[in-house]
Amino acid sequence: MSTKEKDKEIAGSPSLSVERLPETSLWTNSKCLLICALVSLASMQYGLDSACLAAFQAMPGFLKVFGYPDPSAPGGFGIGHTFQQLLFSFLTLGSLLSTLFAGPFSHLYGRRPALLLACFLTAFGTAIQIGTSSAAALYVGRIILGIGNGFLVTFSNIYCAEVAPPHLRGVMVALFSEWVCVGSVLGATVTNATKKWLGKASWRVPLGMLFVVPVMLSAGVWWVVPESPRWEVSRGRHQEGRMALERVRAVREDGKEGQQRLEVEWVEMVKGIEEEKRLASTVGPLDMFRGSDLRRTLLCFGVIATQAGSGSWFYISYSTYFMIVSGLPVDLSFRYSILKTYIGFIGVNVGMYLMRFVMGRRTLMTTGAMVQGMFMLDMAISAITTEAGTWRARDSLMACSALVNYAHNAFVGVASYPVATELVSTRLRPYTVGAAISLGYLLAWLTSFCSPYFINPENMTWGAKYGFIWAGPNFCCALFFFGCLPELKGRALEEIDELFEQRAPAWKLKSAETSVVSEAIEEVRRRRGEVGEDGGKAATVEIVVEREKDV
């Protein structure tokens, strides 16, 4: 049976085609793209902080205050592994705590208040860190900054997933990775400029950049960004939800096709959320582990956990210091950190293109985990087959590290949040995504806590051989993506809810049929008088839906 014949059969009329709506371009959705880009600015805070902290551990001005003199160490100063562990652990602890409360907070107050609260907390935590020379006060600032960062990461991704058109959701949620790279580039550039300063300004100036995100984001959220229309509908506020949807779509009154598409999307959203309420009337953390939501929760947890499993947290936290203890001079390590961030930025853009036009999420993530695992293995093998300190060893280390960073940003890094946010149901999205990110931060803390023992000169002194530890988990992640992850590219969030209710195996969900879109189009036509009571077509308007194809 042809696609058009299937469409007619679903419609119940031999003259009606209702299965697919035409895809629209990024230009048509430019307002939604700009709103998502503004909300995704939240992740720039994470990129800035990670780049700065990775550099501070090799910065004499910072080590004079929080380290100790060590003539045998590169740069003349050393840093205790306990201080390193706590510096990252307290940030992770704060993020973990905030993401655990993301679900209840969002259910009661929405996405916008959560982002505004996060802006205040990150600014407050930054101010504490800049104004202190005490390790204890620095830890307090890290915890508060972590609490704000946890909310920023969770709610920026949830918001973008809920307002983006289905066929552009991957690109718009992946803006998270784009801003992380921008923050990393800025952080690496500024720390490279201040690395030789011997005063406290060497690390306080880079930390001052952390004020940029809360100031710009809070202004944008207050004046430009509407509340999530799906949250409004879930709270029974249909009028506010419709107004929010119209604001993010920016449909002109004289644009008949745009108005029809908006109407279909609205009806589909309302029908999907009402059906979800009918099937499960309660909203709470325990609901994540009931019925079909259990499978969705486990998949979401697995996708977020693979970020730690890929070794990205180790590389983010200790990249500059890792280069130094692996044999690179201090100046070269700082310059390389800038190059690394640019390579990662290129990787993100390549990954967004691949995810939009070339392949689906499942193929992208499976390929990326395999490639990253091989580069980790290459880096470790190179470390044991070349003489430490030689230019051959240094070139090999820089090349393999750059390829690892590129592979992560182009594959798993760019796709993990789009996949994690679309896997879960609308009513439980803040609970499930928040809990998954909490798990991710817990694994990040474990990585940050253990890594110094492997790479520090005063402990195991593995250096680049640490890549052996991460090659295996990357290959395991590839098996998880290939065997368990369904392909949901181009599906509306309400379609995804319907697919998981069918309880089909992962490899069958890609081609499974859904009815929510067809029913929404039929409802719109009945409202407009385009379909008579007998199912015949009463007007000449043709609505065609095209689901995004996976190459």
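All residue numbers here begin at 1 and follow the chain in the order shown.
Glycine is no exception: its Cβ is also placed from the backbone N, Cα and C atoms.
Range 137-159 is the one annotated as transmembrane segment, of 22-44, 45-67, 137-159 (source: TrEMBL). Residues 39, 42, 45, 94, 98, 102, 105-106, 137-138, 140-152, 154-156, 159, 204, 207-208, 210-211, 213-215, 217-218, 221-222, 225 of the same chain lie 6+ residues outside the transmembrane segment (114-131) yet bring a C-beta within less than 8 angstroms of a C-beta in it. Using the rule of three or more Cβ pairs under 8 Å, pairs at least 6 apart in sequence, the transmembrane segment (203-225) is in contact with the transmembrane segment (171-191).
Here the transmembrane segment (336-355) touches the transmembrane segment (171-191). Their Cβ atoms form 3 or more pairs under 8 Å, with each pair 6 or more residues apart. The transmembrane segment (467-485) makes contact with the transmembrane segment (298-316), as judged by at least three Cβ pairs under 8 Å among residues 6 or more apart in sequence. Tertiary proximity for the transmembrane segment (171-191) is limited to same-chain residues at least six positions away from its ends with a CB under 8 Å from its CB atoms, namely 26, 32-33, 36-37, 40-52, 55-56, 59, 153, 156-157, 160-161, 163-164, 205-206, 209, 213, 334, 337-338, 340-342, 344-345, 348-349, 351-352, 355-356, 409, 413-415, 417-418, 421-422.
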